[in-house]
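S.K.: This is the structure I have questions about; it appears just below.
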Amino acid sequence: MTDMSLDPSAPVNATTAPLRVVVATSNPGKVTEIREALSGLGWDLLALDDASLPTITLPEETGTTYEENAALKACAAALQSGLPALADDSGLEVSALNGDPGVFSARFGNLDSATARNVHLLEQLRGKKDRAAKFVSVLLLAYPDGHLESYRGEVAGEILEGPRGEAGFGYDPLFLLPDGRSMAELSVQEKRAVSHRGRALEALKAAHAAGAPEREVSRLE
């Protein structure tokens with residue numbers, strides 16, 4: 001009997017098991033967000049600690065692009081689990097800093113805390129009139145046979161002179177949206193509707209809503 005869970009072209013119906021996909025992140029909040037965003041697809045989205053999975057070790061993010069970092073994690077999880085795997089990488093790109101911190105957003109200035117990184121960002125922008133910035137998220141869906149799919153989401157805004165809002169995390173308190181609110185002033189539901197990751201997830205969902213996209217197979221290494 002063919003294991004249809006490994007075949008993204010197989011239709012989901014009453015007699016076909018849902019596609020089992022490993023969510024390649026150790027962040028439980030991100031797993032919850034992805035499950036909620038993709039709930040309409042009928043996929044069985046598995047956290048790394050799911051009892052049905054072998055131990056999965058994710059590699060360090062050594063890529064120079066969001067796509068490379070997401071692929072490192074998704075491909076590792078797909079190879080170790082034998083199942084499709086979904087990973088993301090995201091960052092903040094600031095115009096006046098030539099796109100920095102970008103893929104290094106989580107380690108900007110070699111600082112360990114989000115508060116320290118926010119202070120460092122404001123210091124880098126002191127006296128600069130150009131405050132334009134954007135959040136970027138790339139989702140990578142990798143299959144054990146080497147098929148890869150990439151989905152990108154962006155949201156444009158500006159960097160504030162100081163933090164605003166109590167919600168969110170990371171650079172959210174400094175990121176001003178076009179509607180005049182910071183990302184940290186949005187509810188969870190509002191943020192998911194407009195965020196870079198939310199938009200990437202919607203792109204993935206739209207691509208799979210009417211069946212899997214045309215497949216191109218690469219080699220997983």
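Note that the numbers count up from 1, one per residue, in the order the chain is shown.
Backbone N, Cα and C atoms are what each Cβ position is placed from, and that goes for glycine too.
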S.K.: Which of S90, S95 does TrEMBL put in the same substrate site as T25, S26, N27, P28, G29, K30, F169, G170, Y171, D172, K191, H196, R197?
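M.R.: Answer, per TrEMBL (substrate site with T25, S26, N27, P28, G29, K30, F169, G170, Y171, D172, K191, H196, R197), from S90, S95: S90.
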S.K.: What does the structure give for the C-alpha distance between S90 (substrate binding site) and E60 (Mg(2+) binding site)? Integer Å is fine.
M.R.: 15
S.K.: Fill in the CA-CA distance, D172 (substrate binding site) to E60 (Mg(2+) binding site), as an integer in Å.
M.R.: 24
